[in-house]
Amino acid sequence: MSYDVVIPAAGQGKRMKAGRNKLFIELKGDPVIIHTLRVFDSHRQCDKIILVINEQEREHFQQLLSDYPFQTSIELVAGGDERQHSVYKGLKAVKQEKIVLVHDGARPFIKHEQIDELIAEAEQTGAAILAVPVKDTIKRVQDLQVSETIERSSLWAVQTPQAFRLSLLMKAHAEAERKGFLGTDDASLVEQMEGGSVRVVEGSYTNIKLTTPDDLTSAEAIMESESGNKHV
């Protein structure tokens, strides 16, 4: 089944300390967002990419898309005040009922195989997310004082893409807007609906989100490793 993907790209990423949109930072000579777009552009099931941007950066994005031509249709949509509002605006650009993915622009290492598994699950259940089991011990801390050690066996770190039937996610966003609910991800909006259910597909630990300067070092290492594997 074909799908559209909504990619929020309006955030400034303050933890990256780059003084600009972190998606414009270059990895191996190309901006982060270009690496991410290439994944979906080369995936045969992707019908359309909806890039949700800060309106003040529209010309910059237009120039990037001119410098790096893509075969897949890419639509630029002005975002909102919060990520959730931006995604909702992006969803409104999807023209027909289908599976829709929501993906962080700063996750350039998602693989086609993972997307395929995610779509297959969403087709069956309506909502599916990528996640990986937590490897580290997790503690709840207040004022630098440990208050609780949390049992990690049932804890998973959630990633993107997240996949949904369009009608389900639109309903979830509409309900959240009506209730004034601001979720941490799109799956949380479905979860807060009556009867809302989200399935998990195991992802990969290399599907990192570039959030801090240290993540750029990790990203370069991942790219070096993947480049080396291609020549084995």
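Backbone N, Cα and C atoms are what each Cβ position is placed from, and that goes for glycine too.
Taken from Swiss-Prot as is:
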- R15: site 'Transition state stabilizer' (SITE)
- K22: site 'Transition state stabilizer' (SITE)
- R152: site 'Positions MEP for the nucleophilic attack' (SITE)
- K209: site 'Positions MEP for the nucleophilic attack' (SITE)
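Here the features listed in Swiss-Prot are painted onto the structure.
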residue	record	Cβ within 10 Å
K22	site 'Transition state stabilizer'	26
R152	site 'Positions MEP for the nucleophilic attack'	13
K209	site 'Positions MEP for the nucleophilic attack'	15
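K209 (site 'Positions MEP for the nucleophilic attack') sits 21 Å from R152 (site 'Positions MEP for the nucleophilic attack'), counting Cα to Cα. In the three-state DSSP scheme, R152 (site 'Positions MEP for the nucleophilic attack') falls into the coil class.
Cα of K22 (site 'Transition state stabilizer') to Cα of R152 (site 'Positions MEP for the nucleophilic attack'): a distance of 31 Å.
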